[in-house]
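Trainee: Pasting in a structure now, in structure tokens, and then I'll have a few things to ask.
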Amino acid sequence: MARIVAADDDDGTQQFYSMELNSISSVSDSTLGQLLKNVSDVRKLAIGDETPVHESLNQDHDDDLMRTVPFVLSFDNLTYNVSIRQKLTFRDLIPRRKTEDPEMAQTVTPPNTKTLLNNISGETRDGEIMAVLGASGSGKSTLIDALANRIAKGSLKGAVKLNGETLQSRTLKVISAYVMQDDLLFPMLTVEETLMFAAEFRLPRSLPKSKKKLRVQALIEQLGIKNAAKTIIGDEGHRGISGGERRRVSIGIDIIHDPILLFLDEPTSGLDSTSAYMVVKVLKRIAQSGSIVIMSIHQPSHRVLGLLNRLIFLSRGNTVYSGSPGSLPRFFAEFGSPIPENENRTEFALDLIRELEGSAGGTRGLVEFNKKWQEMKKENNRQPRLTPPPSPYPNLTLKEAIAASISRGKLVSGGESAAISTSTAATTLTVPAFANSIWIEILTLSKRSMLNSRRQPELFGIRLASVVITGFILATVFWRIDNSPKGVQERLGFFAFAMSTMFYTCAEALPVFLQERYIFMRETAYNAYRRSSYVLSHAIVAFPSLIFLSVAFAATTFWAVGLDGGPMGFLFYCLIILASFWSGSSFVTFLSGVVPHVMLGYTIVVAILAYFLLFSGFFINRNRIPDYWIWFHYMSLVKYPYEAVLQNEFSDATKCFVRGVQIFDNTPLGVLPDGMKLRLLDSVSRSLGTRISSSTCLTTGADILTQQGVTQLSKWNCLLITVAFGFFFRALFYFCLLLGSKNKRR
């Protein structure tokens, strides 16, 4: 019967599952069926399912079958070229006289092509670390990206195979992990919280939380960061863990589900020798647990070199050495440049490669010698092509091998819910694209963002203070506005400035996604969660703070300015401010998904919001805007909140704003004495044949709305349109993430 075995590591406890299988020379239909039954049995035990398990075909041979499912990764003739645009010179701008001479005719020069990878081949197996070395610009990171399927389809030539079968993109996403060169972590989360959130994303929802915590604790032990488990990650303004510990946490996030393939882009970059050794030592333990580890490294120390199994030296996209570290002295001795005793082998090799790169012939001789040396070793059978080690089930297909690997604890993110079916013809493995449902993803993302924000209360405090201070200044400047013609103009100015302030205040949301962009790209590259989940959680987390800001600004200004409408007017005033904050933050969030830099984003935000205010209807009425600009009036985000508050203020038809002689205010006649104004008013009355006294109402709120061109939409329609703009920009933000975060080279 299948059982789960816990294995202890020398430097920490690493718990994984091993499945006992029957020893067979080939996989027949009946034995394959038993194998898949055992896969199901181990899964039941892993998740605590108490339903009966199947009986083993041969109980006596259980102790002989505690072996890891073997994997061999091979890559052949990987070639990657990029086009370089030709620089435009001043001569290209000068028109030239046409000629019939073909030799003199101007021709269009095709763009130059640069080769980043040139027929790179190699192979490695589980339990080993393959290191890619070379100077800056040699193609180390490009090779890692090529193996990790981070180069756009069609741009890369060659084949990447696992156990002799071509790796499909979806399968690779599930069985692999990629650790970027930079440590992309939330600064205010502790080490344990960071890994726990990674477990929530990558491990299936059916796995109990207690078992997820056990997996995190085991991983912390394996990474050697137990003493820092309760310490925050930290950043420039908050003291946290060390650089080496940050790097190990970054690795831990991507191996939480114990992947088969682990790719790392210079994991020791920027670390001292001790920290670098500790990181590679952790990677060695990961490899020994049954993973294939491939990483780029700049210049390993002697101790780090002792942990590596295979090396590939690159020079300008070409392989100059491929083999084990122990073969380096013989290789360079036969090349004619023996490595001196007591000198670091990799340092000597890299120095020699740099020296050759600076020579006239470059590294062409070393590249050709490596090809001959590889052929010679193959002929002498000193370096045969890798084949999986002896296995109880040597004829398994890749999908069957992955299924068997799942049974022993690998790929926890997809293993529990993998659907495995067998027939006489074929065996299929269906692993879900995402470990959790969209609702679990939204909940986990929201919880993480709120926790990170709650530990930085100064950010919300500064924003709240800016809104309250702005409201206080407006309240004191426009204190208790009267209902005179001047009061009408002051109200219009207050509303225009207040509504535009709502949008300018939202500009602080710009850096939020720009700071999280690469964390998002890293997590979604391997289906930790859906992009739609991120967009929805981003909106959910941002909305509560908008409510506080809206109420704070409305309470500060509504009664102090003397706005009309009573309690219901105040309620609508709060709603339209909230809608303005919502649409403004959504607009800025959308821009953060388009622009790559904060300063560029601020420039664009300020410029566009200024255009929105210009065409809102305050500076120029809708009826006066030229036809070729009227479209911008209807696109203005400020237009609809501005018209809504105007209708909220001037909707009372019985309220008068211009009586009798007040008609002369805001005109040159306004400086005349009151007696003169009364006589002028009486003269106007006789001319019009209408009795106009000093108390006659000449302008109501409806007249003001007509004068301002606010006649097309009701205030509730303006509110709905403002809210709809918010959802529209959130949808655009989603499409930006969908199209602009492929995280692949072209």
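Placement of Cβ uses the backbone N, Cα and C atoms for every residue, glycine included.
Sharing the features that TrEMBL gives for it:
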- 88-341: domain 'ABC transporter' (DOMAIN)
- 418-439: transmembrane segment (TRANSMEM)
- 460-481: transmembrane segment (TRANSMEM)
- 493-514: transmembrane segment (TRANSMEM)
- 535-558: transmembrane segment (TRANSMEM)
- 570-591: transmembrane segment (TRANSMEM)
- 598-620: transmembrane segment (TRANSMEM)
- 719-740: transmembrane segment (TRANSMEM)
Trainee: With pairs 6 or more apart in sequence, are the transmembrane segment (598-620) and the transmembrane segment (460-481) linked by at least 3 Cβ pairs under 8 Å?
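Mentor: Per Cβ check, the transmembrane segment (598-620) does not touch the transmembrane segment (460-481).
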Trainee: Sort out the residues at least 6 away from either end of the transmembrane segment (570-591), same chain, that have Cβ-Cβ distances under 8 Å to it, and list them.
Mentor: 499, 502-503, 505-507, 509-510, 512-513, 538-539, 542-543, 546-547, 549-551, 553-554, 558, 563, 601, 604-605, 637, 641, 644-645, 648, 715, 718-719, 722-723, 725-730, 732-733, 736
Trainee: Across the domain 'ABC transporter' (88-341), what does the mean pLDDT come to, as a whole number?
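Mentor: Per the prediction, mean pLDDT sits at 85 for the domain 'ABC transporter' (88-341).
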